[in-house]
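Undergrad: This is the feature table in TrEMBL:
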- 55-145: domain 'Heparan-alpha-glucosaminide N-acetyltransferase catalytic' (DOMAIN)
- 93-114: transmembrane segment (TRANSMEM)
- 126-145: transmembrane segment (TRANSMEM)
- 165-187: transmembrane segment (TRANSMEM)
- 199-221: transmembrane segment (TRANSMEM)
Amino acid sequence: MSSLTVVTDSGERAPLLCISSPELSHSHPRDGEIVSSSLDEIAVSKPTLSDPKQRLVSLDVFRGLTIALMILVDDAGKAFPSINHSPWFGVTLADFVMPFFLFIVGVSASLVFKKVSCKPQATKKVLLRTVKLFILGVVLQGGYFHGRNNLSYGVDIAKIRWMGVLQRISIGYLFASILEIWFANDYPVDSSKAFIRRYFFQALAGILIGLSYLILVYGLYVPDWFFEISSLNMESRSPVSGYGLSIQTVNCGVRGSLEPPCNVVGLIDRLLLGEKHLYQRPVYRRTKECSVNSPDYGPPPSNAPGWCLAPFDPEGILSHYVPCGLAFRPHSCAC
């Protein structure tokens with residue numbers, strides 16, 4: 001038995017698949033076309049309305065609270081140094097903003113890519129979004145805007161800053177999404193063994209990241225190094241030892257140091273990025289060694305060491321290890 005069916009375009013978009021099926025293409029005639037089909041074909045090709053996209057309300061609320069916290073510490077941090085970023089050692093309220101954002105990125109990635117029909121297409125989407133976010137970070141923090149009272153514009157490529165906050169988020173998003181797309185599984189979690197089985201690759205990635213970070217931080221040797229004082233720091237140079245010199249030497253020759261002048265994080269950034277491409281006014285200038293108003297910014301003391309004027313990037317290469325691990329861990333919270 002056959003029947004006549006009038007099929008019109010409902011405007012609904014077809015899902016993106018890796019391989020086009022002849023059956024699917026046959027079941028979608030052009031606008032207003034009258035086709036002959038059997039009742040069985042009609043039953044199979046009957047379109048089903050997809051459920052509207054659901055949002056995780058708790059994640060949206062947490063995202064809003066994190067943005068509010070970011071605004072608070074950015075605006076009130078100068079008036080209340082206790083909630084501003086820690087000068088070096090320690091944790092303050094402002095230091096929770098970045099981990100919170102990375103947690104949100106990890107949960108979002110695990111929800112969006114929980115079931116992917118086309119992994120190469122999803123990977124392409126992730127790479128494109130990562131590049132866009134990274135470029136946006138370079139534009140905002142790379143030196144294109146020279147100051148509110150400066151009418152100059154453009155950027156000096158020799159001194160452009162490659163790393164920053166958005167760059168860190170983009171890298172965390174990249175690793176978390178790739179891990180979810182290619183290594184996630186659908187094992188039901190009904191026991192402790194099943195939990196380990198489902199999140200084995202995520203846990204392994206986190207362990208490897210942590211071990212490699214510790215090996216580099218405590219294993220690499222940091223030799224003596226020197227830097228050229230930036231023009232941004234000329235106004236605060238007079239009290240620092242070695243005044244009158246545009247080149248400052250930092251004596252290290254140590255291994256496993258966590259202090260500002262001789263840590264491996266700064267060493268790797270200077271070797272791979274270059275001294276001139278780092279953040280020129282690091283937060284450790286608020287330490288007791290570099291500021292009389294510590295933990296706030298202020299003039300350096302009379303015996304301030306030369307490294308107080310050295311550049312250091314808080315969002316450098318090696319410092320991305322921990323954010324990537326933070327972006328991995330929320331996967332187990334979004335199952």
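Any Cβ shown, glycine's included, is placed from N, Cα and C.
Could you place these features in context, so I can see how deep they sit and what lies close by?
TA: A mean pLDDT of 88 is what the model gives for the domain 'Heparan-alpha-glucosaminide N-acetyltransferase catalytic' (55-145).
Long-range neighbours of the transmembrane segment (126-145) within the same chain, counting only residues 6 or more positions beyond its ends whose Cβ lies under 8 Å from a Cβ of the stretch, are 153-156, 159-162, 164-167, 169-171, 173-174, 177-178, 181.
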